[in-house]
Amino acid sequence: MQTNFLSQQFNAGPFEENSTACPANATICDGTSCVLPEDNFNQTLSVVLSTVLTIMLALVMFSMGCNVELKNFLGHLKRPWGIFVGFLCQFGIMPLTAFVLSLAFNILPVQAVVVMIMGCCPGGTASNIIAYWVDGDMDLSISMTTCSTLLAMGMMPLCLFIYTKMWTEASAIVLPYNSIGLSLVALVVPISFGIFVNYKWPSKAKLILKVGSIVGAVLIVLIAVVGGILYKGSWVITPKLWIIGTIFPAAGYTLGFLLARLSGLSWHRCRTVSLETGMQNTQLCSTVVQLSFTPEQLELMFTFPLIYSIFQLLFALLILGGYRLYRRHHVKTKTDVEKTAQKEDSKSSAQINGGFVSNEMK
């Protein structure tokens with residue numbers, strides 16, 4: 001209904017003046033920048049691709065679950081020191097970083113709000129795939145993603161209430177609790193099946209994991225490409241948002257790693273917390289933005305989730321490439337150095353975790 005209204009509204013003189021620069025069906029036109037209405041083909045393509053990608057993602061999460069040891073997973077839930085550190089990063093560091101960046105670059109209020117929404121979102125599922133490739137703690141990674149998605153039900157409105165008061169009323173932001181719930185179900189169910197397969201048939205689970213990890217890596221790139229194809233807007237976004245979209249994920253990765261290390265976690269868990277902090281659920285952010293703002297406001301802010309998604313993936317690939325180079329030149333990384341670091345970490349973390357030491361540390 002809003003699209004039809006805008007089409008009628010911009011059929012007047014200003015639209016006719018820009019008709020040579022914009023397509024005839026543009027709904028918002030400003031010089032060479034325009035917004036196109038969704039057509040039936042685009043809606044159908046979006047539904048088909050979303051369905052296919054959702055099924056593929058569920059299969060990938062199933063394969064990631066095949067790498068989770070039930071004892072270690074339950075150990076993280078019973079003595080959640082690593083999860084607690086991740087919680088501080090996810091709902092402490094990220095919203096605060098978003099707030100500081102918004103003030104530092106003095107962006108428009110509506111743009112500051114979308115940056116805050118991104119900072120308050122839970123971790124994305126792509127972090128589980130990257131965590132596997134950097135030899136992270138998969139039990140911690142999956143438990144962090146699950147817990148952050150569950151806690152987002154309460155922490156997102158709380159953080160938005162605290163940080164967005166100077167720009168807008170928190171009640172004006174619509175949180176799609178059904179989408180958050182569906183994300184949680186889509187995460188928990190396939191992972192649970194994967195954990196069961198790993199428990200019953202460990203040898204088959206390893207084969208599924210190898211295939212799923214490769215498919216997952218391809219899927220991350222595919223989702224980014226599909227998001228760019230389906231995105232029809234062509235307006236020019238202020239350079240400040242591009243800069244924030246570059247700094248923000250890099251700050252999340254860096255600060256998450258530092259806090260995890262200061263908390264006494266081992267190196268492989270520091271990498272895990274870092275990835276879980278910097279990789280946000282950008283699809284959820286896009287949904288919140290579309291539900292909460294008018295098309296005129298979306299013109300100023302809608303591409304930010306896409307910008308963040310691009311740079312969080314780029315920095316994650318850089319982290320992966322750097323780690324792989326490190327492993328190539330340090331053969332003992334996985335067998336000796338990590339185990340040594342874990343044993344050292346177990347002495348300090350055992351006191352914090354009530355004496356709990358996972359099997360891999362023994």
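Cβ atoms are placed via backbone N, Cα and C, with glycine included.
As recorded in TrEMBL, the features of this protein are as follows:
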type     : residues : note
TRANSMEM : 45-63    : transmembrane segment
TRANSMEM : 83-105   : transmembrane segment
TRANSMEM : 112-134  : transmembrane segment
TRANSMEM : 140-163  : transmembrane segment
TRANSMEM : 175-195  : transmembrane segment
TRANSMEM : 207-229  : transmembrane segment
TRANSMEM : 241-260  : transmembrane segment
TRANSMEM : 306-326  : transmembrane segment
COMPBIAS : 337-347  : compositional bias 'Basic and acidic residues'
REGION   : 337-362  : region 'Disordered'
Same-chain residues near the transmembrane segment (140-163), Cβ under 8 Å, at least 6 residues beyond its ends: 64-65, 68, 73, 76-77, 80, 82-83, 86-87, 90-91, 95, 98-99, 116-117, 119-125, 127-128, 131-132, 170, 173, 175, 177, 180, 183-184, 187-188, 191, 269, 272-273, 275-276, 281
Touch test for the transmembrane segment (306-326) and the transmembrane segment (83-105), at least 3 Cβ pairs under 8 Å: no
Chain residues in Cβ proximity to the transmembrane segment (241-260) (below 8 Å; excluding those fewer than six residues from its ends, i.e. six or more beyond): 85-86, 88-89, 93-94, 97-98, 101-102, 105, 107, 111, 115, 118-119, 269-280, 301, 303-304, 307-308, 310-312, 315-316, 319
For the transmembrane segment (83-105), distant same-chain residues with Cβ under 8 A (at least six beyond the ends): 76-77, 111-112, 115-116, 118-120, 122-123, 140, 143-144, 147-148, 151, 155, 159, 162-163, 240, 243-244, 247-248, 251-252, 255-256, 259-260, 263, 265, 273, 276-277, 280
Spatial neighbours of the transmembrane segment (112-134) far in sequence, C-beta under 8 Å, 6+ residues away: 57, 60-61, 64, 67, 86, 90-91, 94-99, 101-103, 141-142, 144-145, 148-149, 151-152, 155-156, 159-160, 163-164, 167-168, 173, 180, 187, 209, 213, 216-217, 219-220, 223, 241, 244, 248, 271-272, 275-285, 288-289, 301-302, 304-305, 308, 313, 316, 319-320, 323
